[in-house]
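Feature annotations, reproduced from TrEMBL:
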- B:20-40: transmembrane segment (TRANSMEM)
- B:52-70: transmembrane segment (TRANSMEM)
- B:77-97: transmembrane segment (TRANSMEM)
- B:103-125: transmembrane segment (TRANSMEM)
- B:137-156: transmembrane segment (TRANSMEM)
- B:176-199: transmembrane segment (TRANSMEM)
- B:231-249: transmembrane segment (TRANSMEM)
- B:261-278: transmembrane segment (TRANSMEM)
- B:285-302: transmembrane segment (TRANSMEM)
- B:308-327: transmembrane segment (TRANSMEM)
Amino acid sequence: MNSADGTPAPAILSANRISKSFGEIPVLFSIDFDIKPGEVHAIIGENGAGKSTLIKILSGIEQPTSGTITYDGQTVTLPPDGKAEGMGIVLIHQELNLAEHLTASESIFLGREIKRFGFLDIGEMRKRAAALMDTLHVRVDPDDRISTLSVADKQMVEIAKAISRDARVLIMDEPTAVLSVGETQTLFEQIRRLTARGVAVIFISHKLDEIMELADRVTVLRDGQLIATVGTEALTPDSIAQMMVGRELSNLYPPKHEPDVDAPVVLGVRNLSAKGVRDISFDLKRGEILGFAGLIGSGRTAVAEAIVGLSHRTGGDIALDGKPVNFTQVAQSVDAGLAYMTKDRKGKGLLLNMGLRPNLTLLTLDKHIKAGFLDGSSEDRALERAVRRFDIRARDASVAVGRLSGGNQQKLMLGKTMESEPDIIIMDEPTRGIDVGTKQQIYHIIAALAAEGKSIILISSEMQEVIGLSHRVVVMREGRLTGVLEGAEITEAEIMRYAAGIKSGNDERISA
Amino acid sequence: MSVSAPDIPAKPKRGFRLDLKTVGPLLALALLVLLGISLNENFLSYNNLTNVLARSSFIGIIAIGATFVITAGGLDLSVGSMAAVIAGVMIMVMNWLIPTMGIGWGVVIAGMATGILLGGVAGVFNGTMITRGRIEAFIVTLGTMGIFRSLVTFLADGGTLSLNFQVADVYRPVYYAGLLGVPWPIIVFALVAIGGEVVMRYTAFGRYCAAIGSNEQVARYSSINVDNVRLLTYILQGVLVGVAVLLYVPRLGSASSTTGVLWELEAIAGVIIGGTTLKGGYGRIWGTVVGVVILGLIGNILNLQSLISPYLNGAFQGVIIILAVLLQRGRKNA
């Protein structure tokens, strides 16, 4: 906003030559970082680049090993345990820190309740919460339970909470990772309103286009080093990506190999209905990558889960290789060569407290049983293969999977899914929250699988990804299939038209 | 998403902590044994040790079942009452069979079969209510705990059910005799423990228990039949209660409303002291065995000395349980 014009506005918060090591291991090397009132400053970098550590230091949760923090012109030691909030520095975590059973107003005043004669002044808190929501243009009732709110609204409650604490610096860790396009825009409006009032906003994101849109300046970290801090106007998504990974990313997406025109249909879905989705029909051909685009909550995951038997199907027919099938349990679809890879790798995909081996083989443990007992060496061989094939990097196999980076977790989950040797793979958000370098690896794996004759359904909220990889794209909106795009039609604008409901044309081309 | 960086530092400490975690219960056991030796020279005597182990074997066998239930994220509070009702019904069945079968091993074997069968049925009931009825394990087994306890009181008409003396004489060796001088309860306990350890570590069932206890959703998405595995843990628990009871009945030859009181808590305590996490996801059978023996030794040592009142037995056990959990927590947060 007012920062990039060259006038030397004083920074409200700055880090000077900050280094941080955990034990023997250095994580940040002499980082300089500053933010001015009313500015949006994005931090970007691959997984493990040190972004989280930096914002933890900026919010006082971690103390730097060396270097100083200056806040409001004074060198300070920020108090740990989020107490810096009292000073006006508020960190909003990626996994929002709200108690699900409290109401919005209770959440906003949690820990600083307004009291009268020693008792809670509920009316006053409700009134102030409502006023706060009004100024933010958020339509959340102060009495709404947090558990009933959408993720986007929860985030708004967090922001309201921050503002009620007179936040002067708001730090957000990947705020848009779980938001749809529309929700992201609302969040951005909110951030712009805050910066207009002089609040400084620091945010981490993996989405380059968002950074281009919102940020005034961008700081790029790589391997704990400060690569550059640049005004956004001097950047292109490509140049940011290059700074992040330190190499050219010209071939982010592998070349597309169209499947044969007469390739057989391996998966046929007709008039599928399930909770949240209605009347879905599409075909998947051998060797094809079929993209599923749409806003978050448009029902793409529900379609996948209904097909593989994770959720109950209320109507419609599914045929595998032309033969009708009815999966009521996941095990049946896995046996039939159809595997679903969840988007929720931490909640549904991996056992975070266990090592690599039990995670890899959990889906296919039957393959590693000899005379009724588990064959550890057979499991080890499988892990060796998967580590090689998917380039999974871990210190050793016994390290708890929860300690791996997001990218390595994702590759392990891919390995686990592929252990069942499926012919059809449904990948749900296979690159969510992972760095560009790993994304590129996964894109090449997906393309290679398709080239081998596997058929892939690619559910993704990253439009570029769907466009870059898919042979055809199915677009969903509010539980309905609104369009199937092919060839030159696969453009961002066209997908948006179907996803937003401006265009709808599923009748003419159910099966292309 | 850049969670990876701060994770790295934990590494140097990890090896040390893992060691402590594995060695912890064994260390406690060794200390107890040393304490016992220093307090009373009779502690190490053959009679004392077999006595402690034989008494611990009932809880031990039940606790091995509980290890599976807890590892899979469940809980069974009904095992003590279940033991009592099984003992009562076994005695009634045996007494009832005497006129038709006469006195001899036939009746005893029929009684044993009844015990194991009843345990299985009780397990099926608990497990079905929990998995198919979708009721929390704590609530279901709290309910059946009351039901079973009340049933045995009803069957005994408020008093005591006693096994026919002649049958009891036939049955007695199952508790008091043994093989090569080792009492049967200890032998059975050892066999169940070895079997349990093998199942927990080297079968898909054991792996699935840990997976379900760790994260039920992940298990479901990994095509594991979560309900069936859970149900199986409760059936296994019930059957093992049956096994424990068929070793217990010959000891006293009777059952009443006070049979097996608080066994469920002792079993759970043994499991926890052994290092299994109460919320599931990680279990080890040998730890449970060590935990149960530790509990048994505390009582024994208190009885062998004169400085501290043996009535404080429960207090010492309680302290040990809390310490064990504190140690578990310490590893997690560090």
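Note that Cβ sites are derived from N, Cα and C of the backbone, with glycine treated the same way.
Caution: TrEMBL annotation is automatic and unverified by curators.
Residues 76, 79, 83, 137, 175, 183, 185-186, 188-189, 192-193, 196, 199-200, 206, 209, 213, 233-234, 236-241, 243-245, 247-248, 263, 266-268, 270-271, 274, 276-278, 280, 283-285, 288-289, 291-293, 295-297, 300 of the same chain lie 6+ residues outside the transmembrane segment (B:52-70) yet bring a C-beta within less than 8 angstroms of a C-beta in it.
The transmembrane segment (B:308-327) is in contact with the transmembrane segment (B:20-40), judged by 3+ CB-CB distances under 8 Å for residue pairs 6 or more apart in sequence. Contact between the transmembrane segment (B:176-199) and the transmembrane segment (B:137-156) does not hold: fewer than three of their C-beta pairs are under 8 Å, each pair 6 or more apart in sequence. Highlighted: of the candidate stretches B:20-40, B:103-125, B:261-278, B:285-302, B:103-125 has the greatest count of Cβ pairs under 8 Å to the transmembrane segment (B:77-97).
Listed as Cβ neighbours of the transmembrane segment (B:137-156) (distance under 8 Å, sequence separation of 6 or more from its ends, same chain) are residues 69, 74-78, 80-82, 84-85, 87-89, 92, 122, 125-126, 129-130, 255-257, 259, 264. Taking Cβ pairs closer than 8 Å, the transmembrane segment (B:20-40) reaches residues 273-275, 287, 290-291, 293-294, 297-298, 300-301, 304-305, 320, 324, 327-328, 331 in its own chain, all 6 or more past its ends.
Scored on C-beta pairs under 8 angstroms, the neighbour of the transmembrane segment (B:261-278) with the top count among B:103-125, B:231-249, B:285-302 is B:285-302. Within the chain, the transmembrane segment (B:231-249) has long-range Cβ neighbours (under 8 A, six or more residues past its boundaries) at 57-59, 61-62, 64-66, 68-69, 71-72, 74, 76, 79, 82-83, 86-87, 90-91, 111-112, 115-124, 126-128, 130-131, 163, 171, 174-175, 184-185, 188, 192, 205, 209, 255.
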